[in-house]
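Swiss-Prot feature annotations, pasted as is:
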type	residues	note
ACT_SITE	Glu323	active site, proton donor
ACT_SITE	His352	active site
ACT_SITE	Lys454	active site
Amino acid sequence: MNGDLNSWDKFCNYLWFDKKLNIWLDISKINFTSKEIKNLEDKFKDVFSSIKELENGAISNIDENRQVGHYWLRNPSISPSSKIGEEIRADINSISEFGKQILNGDIKNKNNQQYTDVLWIGIGGSGLGPLLITESLQKCSKGLNFSYIDNVDPFLISEKLEELSEKLSTTLFVVVSKSGGTPEPRIAMEIIKSHCENNSLEWNSNAIAITMKGSKLFKKATSENWLKIFNLQDWVGGRTSITSSVGLLPLALINENISEFIRGASLMDETTRIRDFKNNPAALLSSAWYLTGDGIGKRDMVVLPYRDRLQVFSKYLQQLVMESLGKKFNRNGQVVNQGISVFGNKGSTDQHAYVQQLRDGIDNFFCIFIELLDSPSTNIFDEKENPKEYLSGFLQGTRSALSSENRQSITITLEKLNCFSLGALIALFERAVSFYAELVNINAYDQPGVEAGKKAAANIIEYQQKVSHLLDEGGEYSINDITSLFDNSVSEPIFFILREMCFGNDNYLVKGDWSNPNSLVIQKINS
């Protein structure tokens, strides 16, 4: 068998389908030969063994000396201890019961009013996971209304507070931070808490924490008597937290089926434990990534779900794939600069945008098409003008147009989008990421680059405080004056700090020209 993208035999030979999951996976439009597949099958013997060790509780995040246990969340019986399994089941039951009490009105605010909204404060996976849940699954007029603060953009925070101004008293404030020390959710939390208190609105009795036991956030929520604290286990990373409290609480508050979501993820986990390469969808999917990128991530992943409800999925995968696989070193300490860049939006919108380049421009990508076979139960569509059939036609047409130019793609087909299938889809990509990491000998569960970024940001914040304090004391200062007091290597950061602090601010007198940083002299004139 050759690498022909349009080979019917290849399509039939590599099409995967599972009747319990009702999911299809087609990797036939990836360039590979039967010999290449055979070589990978041999490698997967070790991959399967490594994943088994991870699931059994091996220390997988070496930097933080912790296990990686998101697979246990959907099947507590495989967790390494009965205590962990019992805690997982208790957390699920607690969230389910809490959701029912909120939606039924058994738990109300201090004015005996039923809750109407949720303001979710979390960053990274703590924001993207819940956003994916609500955007994909929430039905009109069902459950609470969700708003998100996933950044410290002052306009975002002020706009959300303005949008909710009439409903803040009936809003649940959910703060997600495993350690409680992540600056972005902490800052947003403090701003909103202060706003509530300054306007005689309740915060403590409306606030919910999702965090580790004993964390800074846990202690704060406990001491201030917040409405509820849900557990976020040490062995759950942010990008794989969607089957933890982080994803289950949104499901409960939009009145969706937690059990079905977990069942879908669990069944996909079980299916991808099969050691038969061609019957393991995560093995096939990760192999396609490996082969199309020559094992070094030479091609970007373009995610195109042909359903609006899955538009957030490309952003979700961007974090899952890039944070997991973007690594400088392999496990042997060698510099490898691994990774797969991910972007995408939705079909058929993208056919009128960057698909032009995908077909006719630089060949540095592969597409992942995601299609759904269901359509809404309604009589508003004419049989001759059914949008579902048009959408399917657009997908198949784009796929065909790409392959005619030898542009590679993968197609995943779901029977329908619901809690069960979304759980399965997420688990499929989680497993594929783990498998790919094993193939290229990197650790998918550490994030030294993220930690380096956090440390650098903390240094800048420290300089911001030093500069502010210096200017408060009075006197005129040039950038050279300031760096000579602190560190001569930070001239550029000091310029950025001064620009953010002083430009357009009447409290500061600025002499010189902003286009010539060395000419600037700044003095605080109003306190």
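Every residue gets a Cβ built from N, Cα and C, even glycine.
These numbers come from a predicted model, not from an experiment.
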Please list, in sequence order, the residues in the chain of Glu323 (active site, proton donor) that are at least six apart in sequence and whose C-beta is under 8 Å away from its C-beta.
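Residues satisfying the criterion: Gly124, Arg239, Gln447, Val450.
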Just name the winner among His352, Lys454 (the active-site residues) by count of other CB atoms within 10 A of its CB.
Lys454
What is the interatomic distance between the Cα atoms of His352 (active site) and Lys454 (active site), given in whole Å?
38
Indicate whether His352 (active site) is helix, strand or coil by DSSP.
helix
